[in-house]
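Visitor: The structure follows.
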């Protein structure tokens, strides 16, 4: 038995160097003992202490096995490094600027702004109502686009088409120049259009344009040149738009809320006969409506038709059939103009007395376009007698031949009558139009 013990101790010493070659089987350490003594070494743990003093060399096996977790952790560290190197999607989302509330709440408005650069490029004009159209960060620009979008009930395509037409029209018409540098004949347009601005106790401003159609002195002169009439109306409208000060806006208007950038219009039809409107008036009125509908959307808060005969109420009832509710709700016919000021209690004292207020007359306290007194063209009678001498030359010869037979006929007098007949025809046509 004593000879077997040295063999048992020598065998483990010889196998110690081989322990590192078995890193994945730490349970194999008990295998180094012989089959006969395995139960003695493993069961009575206290008794094994004296005999295991020779096994401290086996502890390096445990030390060698200790780095195993480190080797196993290496792939995890590599995965962490690879994951860190992969781009994260979060920074990309953070780079997108947050949309303003007026764009987030109204996707159609955002789409309209997406089309704005193409619109400005196609028209070559960027000014609208004194506002230089820019981007969605510019408050005045936002308000302009909201008006065009609202006028088309949120339809982006229709709003784009209208804005394009309006920009082209402003480029061609140059309405700013119609106010600043153009002049208008006082004989044709004097006393027909005014602009007033009233403020209530809180400082809120109300802009009013007045169209006094009953003040027309000569229908043919005022409405005969349709283009001239439209320019005069545009000039008055541009004066009112300038008073709205849209370019100075600092807050975006609510799409469905109050809009401070709107005006009132008053059309006075005192002494105007609705039953005898000549074609010139109808043509000028139609053209004006077309221009204003395209170029000035959502600038009208309310329109008052004053001094309208009660019998003409059917006209406004018919208008409701062809116009949208959003438009007709702004129209207010008033048979007696003196009742107009009642509609605005806070401004009653500032309205003209003729309209039920306590303020000065329009001729004294209101503004108007640049009027000039132009000399009226005096008809020159020279062209009328011109053909008479040429036609009268053969007449005396015929009279000389017939002196002995009969008295001369009044042919020389009949020739000038042709010129008079032309004048008479023109007057008759004018009278017919007036009727």
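Cβ atoms here come from the backbone N, Cα and C positions, even for glycine.
What you see is a predicted model, and the numbers here were worked out from it, not measured in a lab.
Straight from Swiss-Prot, here's the annotation block:
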- 213, 233, 267, 269, 303: heme binding site (BINDING)
- 48-60: compositional bias 'Basic and acidic residues' (COMPBIAS)
- 398-412: compositional bias 'Basic and acidic residues' (COMPBIAS)
- 182-363: domain 'CRAL-TRIO' (DOMAIN)
- 1-99: region 'Disordered' (REGION)
- 378-435: region 'Disordered' (REGION)
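What's the neighbourhood like for each of these?
Guide: Just so you know, the Cβ of residue 267 (heme binding site) picks up 19 other Cβ atoms within 10 Å once every protein chain is counted. Under DSSP, residue 267 (heme binding site) is assigned to a strand (E or B) in the three-state scheme.
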Visitor: Specify the count of other C-beta atoms within 10 Å of the C-beta of residue 303 (heme binding site).
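Guide: Result for residue 303 (heme binding site): 17 neighbouring Cβ atoms inside 10 Å.
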Visitor: Cβ within 8 Å of the heme site centroid (213, 233, 267, 269, 303 excluded): which residues?
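Guide: The surrounding set, listed in chain order, is 211, 265, 266, 268, 305.
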Visitor: Just how spread out is the heme site if you go by the largest Cα to Cα distance in Å among 213, 233, 267, 269, 303?
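Guide: It comes out at 16 Å between the most distant Cα atoms.
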Visitor: What is the Cβ neighbour count of residue 213 (heme binding site) at a 10 Å cut-off, with all protein chains included?
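Guide: There are 17 such Cβ atoms around residue 213 (heme binding site).
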